[in-house]
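First comes the structure, then the notes that go with it.
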Amino acid sequence: MLHGDISSSNDTVGVAVVNYKMPRLHTKAEVLDNARKIADMVVGMKVGLPGMDLVIFPEYSTQGIMYDSKEMYETASAVPGEETAIFAEACRKAKVWGVFSLTGERHEEHPHKAPYNTLILMNDKGEIVQKYRKIMPWVPIEGWYPGNCTYVSEGPKGLKVSLIICDDGNYPEIWRDCAMKGAELIVRCQGYMYPAKEQQVLISKAMAWANNVYVAVANAAGFDGVYSYFGHSAIIGFDGRTLGECGEEDYGIQYAQLSKHLIRDARRNGQSQNHLYKLVHRGYTGMINSGESPRGVAACPYDFYKNWIKDPEGTRDMVEAMTRSTPGTDECPIEGIPNEAAASNY
């Protein structure tokens with residue numbers, strides 16, 4: 001793991017993250033103009049960072065947040081489509097991989113169902129290698145249709161890459177799912193705003209440590225008339241230490257080199273902090289000392305996860321019993337979100 005240079009090598013993958021200024025757009029033409037701006041930035045960054053293998057832009061960087069529902073549906077993208085064609089040309093020209101946001105991607109039943117919040121991983125030939133749809137939209141505000149699966153793809157120089165989006169990262173389950181599928185780099189693209197800066201910086205570092213995985217965070221910056229975005233795009237080592245982190249500045253860039261050998265060696269030879277291995281080899285020292293299996297215990301000891309798989313509806317009822325039974329709350333009602341007071345009128 002190297003930081004401070006502009007190079008990369010056969011062993012290291014050069015990764016850049018961008019504090020892209022949150023755009024405020026209203027039409028398809030404006031979206032395509034902004035996509036060309038992103039494409040120009042990709043090509044320009046490669047000149048300044050010749051080792052850059054992968055460039056990552058934040059959630060909402062292509063379309064911004066469409067606070068008007070009509071505009072959101074009208075500007076929703078097809079994948080592949082006009083926006084991805086612009087990005088593909090830039091990736092081919094710069095000979096670089098990219099992660100780009102599409103908010104939203106048209107649902108299969110568009111316009112009868114809400115769009116998806118989507119990321120794509122594109123290779124240096126302009127081909128879409130991974131398309132990820134946000135599993136945990138930021139309710140109650142975000143109205144995206146939820147995705148249902150994480151992916152791992154072979155990325156630049158063979159590094160294994162997973163994509164997640166913003167609020168996804170507040171749930172440890174998604175990080176573990178990606179890591180246990182073999183991800184060596186988890187990319188978290190976000191359009192996160194104040195006041196949650198401290199918490200979001202913290203959790204990405206903690207999840208890198210807990211999952212023995214590189215993390216690259218690209219976050220929006222600036223003010224879009226509604227929210228103020230805190231930036232702090234960062235690249236984090238698999239030991240949870242930050243390699244490079246932006247401040248709040250618009251269009252800030254951080255860059256680091258991620259060693260394939262180091263993470264694979266750590267996962268192979270690490271012992272006391274090899275969290276992936278230890279999770280499914282519980283207590284092997286005590287079992288060896290007891291004359292039992294040297295591989296420890298593999299079975300899941302966590303009742304919540306067992307129950308969730310076996311009985312999802314019953315598990316939801318259990319959670320509602322200790323939280324609430326409706327999506328909204330009476331004490332802070334949000335238009336369009338049912339709360340207990342509204343439910344009692346039916």
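Quick reminder: no glycine exception, Cβ is built from N, Cα and C everywhere.
The domain 'CN hydrolase' annotation in Swiss-Prot covers 13-260 and is backed by sequence analysis. Summarising the annotation, Swiss-Prot assigns active site, proton acceptor to Glu59 and lists sequence analysis as the type of evidence. Residues annotated as active site, proton donor in Swiss-Prot, with sequence analysis given as evidence: Lys134. If you look up Swiss-Prot, you'll see Cys166 marked as active site, nucleophile.
In this structure the C-alpha atoms belonging to Cys166 (active site, nucleophile) and Glu59 (active site, proton acceptor) are separated by 7 Å. On a Cα basis, Glu59 (active site, proton acceptor) lies 10 Å away from Lys134 (active site, proton donor). Take the CB of the residue listed as 'active site, nucleophile' and look out to 10 A: across all protein chains shown you find 25 other CB atoms. In the three-state DSSP classification, Cys166 (active site, nucleophile) falls within a helix.
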